[in-house]
Amino acid sequence: MPLNANFPSKNYDYDYDLQPCFFFLEEENFYHQQSRLQPPAPSEDIWKKFELLPTPPLSPSRRSSQSSLFPSTADQLEMVTEFLGGDMVNQSFICEADDEALLKSIVIQDCMWSGFSAAAKLEKVVSEKLASYQASRKESALSTSQCQSQPPQSPLKSPSCDGSLNLGGTNRSSHEFLQDPSSDCVDPSVVFPYPLNDSISNASSPCQDLMLETPPISSNSSSSESEDEQEDDDDDEDCDEEEEIDVVTVEKRQTASRRMESGSHSQSSRPHHSPLVLKRCHVPIHQHNYAASPSTKVDYVSSKRAKLESNVRVLKQISNNRKCASPRSSDSEENDKRRTHNVLERQRRNELKLSFFALRDQVPRWRNNEKAPKVVILKKATEYAISMQEDERRLIRETEQLKYRKEQLKQRLQQLRNSV
């Protein structure tokens, strides 16, 4: 919404060149009343933006007022702004030193969600300033009437009007410039948070050049000195950063060397029990030689027993070394447990195989059969054990009968001796 909607122009006929409002009168009044009661919601602001018509504002008209042959106040202000720059006038009008902090607090906000609320606050501030400037408008009307009585000056020279229309005068009568259609365009300095002090100082520098014959040199020298000091400070900071990086790298290298030294000390302090661990892994697995002759049976069994005894000794040594050795990590302990379990499992299988061989040798029918399966050996050994138990009971009965017969014979012999 343009800032001069509530203040129609009265001095010149530029009203027909103004861009028509984007909304209808009822909708505009509705949004005005709602914004005065409470700030609009973000969703309402967004949809209100999307309802705008895609028509750009018209360029401001350059023709003078029809009521007088002399250039009007707006034309004179346009010439002033062309010479001095329109940004300086807008910034000096909007961004004064008193309201600079207020403008920063209002305008520099989120443009997506709080744009319309900030614009409403800004419009309120501008309307208050325009109301204050209307009071001073009557005073400036006398000076502008004197300027209208004189012939128009060239745009290359500043229209001073005997010193009455200076930079302050442009600030005083800038409300008339805002009524120009070009004021509908938004000033970039209002939307974007540029440093305001720099822009104002840069805008006021041409006026100082006009008043003075020679430009000041102290500002340039001071700025060059400040730039040199900043460069020196940057160099010092870079050097400090490089030194800090070097210190960090040295510390990293020292920590790495310390880790290497600690690892070497720990490896040297650990006792070397690797051959014992290898012995556990290299337990001999003996298979029965089915092609061997029955004559080598006794020697084979004796050699197996000797090797089993040696394996038992090795396991005892491993257990003793574990008790004496320092505690290791969890991975090494798990590996040791797995290896000992494998060794014990192999030993159990070997003992079971030897027991099968011994049982087979006790069965007379399968004694010479080297390829007898384990199931047959177990079955025949059970039958043989049962038969041996029956033989034992039979022999016990026979011995009892023989003892009874012996007792009977002794009694008969005693009777014969007594009869003689």
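Glycine too: its Cβ is placed from the backbone N, Cα and C atoms.
Straight from Swiss-Prot, the features:
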| type | residues | note |
| --- | --- | --- |
| COMPBIAS | 143-160 | compositional bias 'Low complexity' |
| COMPBIAS | 161-172 | compositional bias 'Polar residues' |
| COMPBIAS | 225-246 | compositional bias 'Acidic residues' |
| COMPBIAS | 249-262 | compositional bias 'Basic and acidic residues' |
| COMPBIAS | 319-329 | compositional bias 'Polar residues' |
| DOMAIN | 336-388 | domain 'bHLH' |
| REGION | 141-181 | region 'Disordered' |
| REGION | 203-275 | region 'Disordered' |
| REGION | 319-345 | region 'Disordered' |
| REGION | 395-416 | region 'Leucine-zipper' |
| MOTIF | 78-86 | motif '9aaTAD' |
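Residue counts for the domain 'bHLH' (336-388) under DSSP (helix as H, G, I; strand as E, B; rest coil) come to 42 helix, 0 strand, 11 coil. Long-range contacts of the region 'Leucine-zipper' (395-416) within the same chain, counting only residues at least 6 positions beyond its ends with a Cβ under 8 Å from a Cβ of the stretch, are absent. In terms of DSSP helix, strand and coil, the region 'Leucine-zipper' (395-416) has 22 helix, 0 strand, 0 coil. Per-residue confidence over the domain 'bHLH' (336-388) averages out at a pLDDT of 89.
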